[in-house]
Structures are given as C-alpha cells and as structure tokens.
Amino acid sequence: MGPTTATDAGARMKPTTVASAVHRVQMALYDGAAASREPLLRAAASLLSGPDYADVVTERSIADACGYPACPNPLPSEDARGKAAPRFRISLREHRVYDLEEARKFCSERCLVASAAFGASLPPDRPFGVSPDRLDALVALFEGGGGGGGDGGLALGFGASGDGKEVEEGRKVEIMEKEAAGTGEVTLQEWIGPSDAIEGYVPRRDRVVGGPKKEAKQNDACSAEQSSNINVDSRNASSGESGMVLTENTKAKKKEATKTPLKMFKQDEDNDMLSSCISDSIVKQLEDVVLEEKKDKKKNKAAKGTSRVGKSKPAKRPVGRDGHEVDFTSTIIMGDHGSEMMDHGALGQYNFSSSILANEQPSSSQYAAIDSVQAYTEELDELFSNAVNIAKDETSDDSGRCTLRSSLKAVGSKNAGRSVKWADENGSVLETSRAFVSHSSKSQESMDSSVRRESAEACAAALIEAAEAISSGTSEVEDAVSKAGIIILPDMVNQQQYNNDYDNDKDAGENEIFEIDRGVVKWPKKTVLLDTDMFDVDDSWHDTPPEGFSLTLSSFATMWAALFGWVSRSSLAYVYGLDESSMEDLLIAGGRECPQKRVLNDGHSSEIRRALDTCVCNALPVLVSNLRMQIPVSKLEITLGYLLDTMSFVDALPSLRSRQWQLMVLVLLDALSLHRLPALAPIMSDSKLLQKLLNSAQVSREEYDSMIDLLLPFGRSTQSQASLPS
C-alpha cells in the first residue's frame, strides 16, 4: 500500500504533458465522470480533439454504455434491438440514407444528436502550448472532483456552492483595442480603409468636426502666398442695335516674378458682389462708347469702310490699394457673325465676361474685401475713360484706322491683341450668315468630290481584277464579277423605254435581237432581300421566304443529320460483316456516295468521340432496362465502341435530350442486330416496345426507318446481305 501511494505521488509530481492529460481525461469520461456533472464535458472541450472524443465514444459503446459521456444510461440489449436489425435506413422524405451502425452506439436519438454536435465543435488537433498549471488543474478537476487541485476548478471556471453543488462561473474577459500600431503592424483603419472609401459618403463626424479644422490648417499654411480667380459672366447686360462682344482679362501680380499657388475664393456671396460691381461699371462705360461712336459714324460717313483694327500702345500701370501692379487687357469685337448666329433675337446682345487674378492677402472680413474692390473699380473706370478719349482722337487721322488703346497695358508685360470690328463692315448679319453657309457648302462639295473619286478608283480596280480573271481563263464571267464585288444594276430609264417599244408591237426581228443582246446579263424579276429600293425588281436569285418559314431544325432532322455525317464506308462494312477488301464496292450505297472515314488533325475528332462515349454510356443502361435485354451491358458497350471507331466525327455533337440519345443508341443497336448482335433481333421486332420508345422521343415510325436506312442501305434481309458486292 505504501509503495503504491509513493508511486502515485511521484507520478503526480512529474510535469504533466498534453498527451498524458488527454489520456487521464479520456479515462475519466470513460468511467462516467461527466454523467453526474455535465459541465465537465464542456471543460474537456478545451483539451480534447475530435479523434480523442471519438475514441471515448467507441470505448463506452464497447462497454455497453451510451457513447455520450454525459448520459448514464446503458445501451439497449440485443434482444430489444433485434438480431437482424438493418444497417442502413432510407428516408424517403429527406431523400437521404442514414448509417445505423453509428446510431447503435447511443441509447437514444437525443444522445446521438448531442454527441454529434459536441464532436463537431471540437478542433481536429490537440491544443499546443497549454501551461502545465492549467493541465494539472484540469486533470484534478476530473479526478478529484474539483477539490484535489486546490483552486483548479475555480481556475477553469467551475466552482462549488455552499451546498456542494457545482455552479458554472464564467470568466470575465475584457477586450482592448490597440490604438497605436507597432513596427510592422497596421491599424484597423488602415487595413479596412478610410470611412470615405465609398464614393459620395462622408461620415457625420468628418462633416461637423474634421472639415473646418482641415480647412483652417490649409488657410494658415497658405496665408503668406495666395491668389484668387474670379470669373464673372454677365450676359444680356444691355440691348443695342449692333452685336457686340466684350472680353476683359484683369490680372494682378506681385513685383517678384515667382510662381505662387492660386487660391480660389470659395464664398459665393463675395463672387456675386464682385461680379455686380465690375460688370455694372464697365458696361455703363461701354454703353457711352457705343453711343458716341454712333454719333461719330453719322458725321464721318467716309470712314465706314476703313479698317478699325490697330495695335495697342502702352499706358500707365494702375496700382492697387495694396501696392501691387495690375495688368488689364480689353478686347472689343463688334458684328461678329458667330455671336450673331448664337444669340437669339433680331438685335445683338452684349456678352460680357471678366476675369480678375489678384495676388493679395485675404481681408479679415467680407466687407473690407468689398470696399477694396469698389475702390479698385473706380480706378478702372477712370483709366477706361482715358482710353476711350485716346481712341476718339485717333479716329480722325489720315490712315483711317480706329485703335482702342489698352487702358492698363504696361511696358514689358505680355502682349495681347485688341480689335474693334463693326457689324456693318461686312454687310448685314444675313449676308454674313449666307457667306458662312456658302463656305460650308463648298467644303461639303469638295468632300463629296473626294468620296466620288475614291469610289471611282475602287470600281476601276474591281473591273481590272475581273478582266484579268476572265482573260486568264481561270473563271467565268459571272464568277469573276461576283468575286470582284461588282453588282451590275439594270438601266431603269431605258428599261421603261424598251417596255414601251415592246408594247407598241415593233418589228419582231428587232425584238428578238434586243432580247438576245440584253440576255447576256439578264436581271432577275423577283423581289430581293435588300434594303434599297433599287433592287426591288422581279425575278431575283434570292426569293423571299414564305410565311411561317424557320431555319430551326426539328429533333428528327437534327438526329438524321448527325447520323448522316457519322456514317462512313467502314461503318457499313462493319454492320454487314464485310472485310476491308470489299469496302471499295460500298462507294455507292442506297443511291448516294458513301465517303471514307475522316479524322481531324487538330484532335477535335477524338474530343467529339469521348463526348459521344459519355452520352452512349448514359443512355445504354436505361435502354437495356426498358427493352428487357438479356445481353450484358459490357458487351453492348464494346460492340458499340467498335462501331463508333469506324465513324467520322467532324462537326460538334447536337444538343439532344436524354430520350433522343436513347433513340440514337437504339438505331445503332438495331443496325448491329443484323450481324454483330443477332440476339437483339427478336427485341427489335417487338413493335409495342419500339413504338413506346419512339413516342417518348417524339419520332414516327417512318422517320425511324429513314434513320435505319442510313446504316442499312442494302436492307436487313439475308438475301440482300448475300447480294452485296464482294
């Protein structure tokens, strides 16, 4: 007793391994430790694998105990189960087959389901790297009931209540999300992607909090250097008698010629106010210019036809409020036919667009910016008035040129062209539009002439090709003309004249000569399938299809065409039992020429043959069962394989149904019953069974006989077989 106790104590002092712990847990489950305490079975799930649990179920069933460790009931006796109990059970409702051998390891269906669910939840392999303390606690829980291992039961999540009953105590687990990623790691946000990865979606937190902060940072970074671009487009500002288009580009630069990033104003209110300030002031000045020019035009009628385009002269460079210099360029174009065609109405309208690029610091408030723009606009008005006065003085020189000088053009700045063109210089708007239309018509005529030239060259090349083919004698006239792509059209004008002459009963000899002459290329007199009306004549080579006509083949036609392409001389020789020496005598069979076997070099024939073998093997067992054949299926397959070896497979297999494939195999077997499989002759002569198969395949007896004639062109009687050429 003493040595045994010492040995057990020594075994417990040794470090516990995973294998030894699994074995001791299996033994505890085998002895029924989990029968009285079901939570122990869930504790064993942390150590056992699927195969380990299956071993426990098998050992318990051998010991006539229920295979489910949590069940204390024994297995039913053999007398209760029956000695001749079946092994499998077929469920017609679920269309499944159940193995009852596994069910015999359990006392009831409930234990079978519970055991299968528990076994499916176990991992396929044992856990790796379990600490020895946890192994000792788990083993002590099974062997000592949770008390021998100290707090081993509590460490596993099981404790004992005051009344001795074990209660399950779940361990508190707290999940912490790592905020900062270590080296070589990525955060969850980087791995999944930003929240705005979906196009058009902006999270609410980014819309409220993130947006203004980011914009503020960008404004601080670009506060030193920034620019603005304001595009003002004011159309239909005022009405006038002559069309007029004004385009003004105002640019503001710093003294240093350095590249600075452009900063767009995003305030819509500022844009509207700036647009109104600039457009109202300049359009007002522009109206005064137009009125004064009209007065001068009446006084100086001789200067109407002179050119009013001149080069610009340098003027003073305006200085803004912040000291930056501004380049201003204006262009006035009057009477442009393009703008007249675009505008609606009899009178032209002003199309005004202005662009200001200013390199200045954004003011602290919108009102300060508006004040600076108003002051800047007043300076523009004064300079523009000076430029108009200079232009008036230049209209009276001898050269007759009217030049509108730039009001803000500086020396050394980028040159820009300015021109003033009156609408009546080229006549009225209607005359200008007519000139534009005539120019477009001329370009269209030139394009048509080039197309006609290319067509003539193509026709000449086709005629030369046809003439060479006819002169060489390689082809006839009609073939050469069709190959060259030439279509000879009838003379519709002379055709009507010839018909009238024929109706007036002219000389018969002349009519005969006329018929002979024009009979060389006789145009058909039936409607043709072409889209143009030019070919809508009688007697065509292409007749219109009748009503209800369809190119889709029936199932019988599809099967007949497939057999017609498969059969070769070798097939007929094999069916009639002839040797290879007599195959030449089968050149003409049933009034048609029987070809030799053909095999494609690219391997498609073998692929088609393998697919056909699959279809035949699927249809043959059903056919044997329906016809109650006594011949083994293997022999039928071998004989059919020899027959298929003699056939030609060039085209793809037709898409047939299973009933139709069975009929195809039946045709082959019927042909083989003549010489190769004579035992099938009585079955093939049974009209009732045969008619039943024909009805299922939707084929009549006459159609079936026509398919048999492809394989038996000389008939199936012995006399016709003996009369074959040998």
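Backbone N, Cα and C atoms are what each Cβ position is placed from, and that goes for glycine too.
Positions annotated as zinc finger by Swiss-Prot, on the basis of sequence analysis: 43-131.
Within 10 Å of the C-beta atom of C107 (Zn(2+) binding site) sit 19 other C-beta atoms, taking all shown protein chains into account. Feature annotation from Swiss-Prot assigns Zn(2+) binding site to C66, C71, C107, C111; the stated evidence is sequence analysis.
Look at Swiss-Prot and you will find 209-218 tagged as compositional bias 'Basic and acidic residues'.
Annotation comment: Swiss-Prot describes 209-242 (among others) as region 'Disordered'.
Annotation source Swiss-Prot lists compositional bias 'Polar residues' at 220-241.
The region 'Disordered' feature in Swiss-Prot is assigned to 294-323 (among others).
Here the zinc finger (43-131) has, by DSSP, the following mix of helix, strand and coil residues: 36 helix, 10 strand, 43 coil. Using a 10 Å radius centred on the Cβ of C111 (Zn(2+) binding site) and all shown protein chains, the other Cβ atoms total 20. The Cβ of C66 (Zn(2+) binding site) has R60, P72, N73, P74, L75, K105, F106, C107, S108, C111 as same-chain neighbours under 8 Å, each 6 or more residues away in sequence. Excluding C66, C71, C107, C111, which define the Zn(2+) site, the same chain contributes A65, G67, Y68, N73, L75, F106, S108, R110 within 8 Å (Cβ to the Cβ centroid), listed in sequence order. Around the Cβ of C71 (Zn(2+) binding site), a 10 Å sphere holds 21 further Cβ atoms from the protein chains shown.
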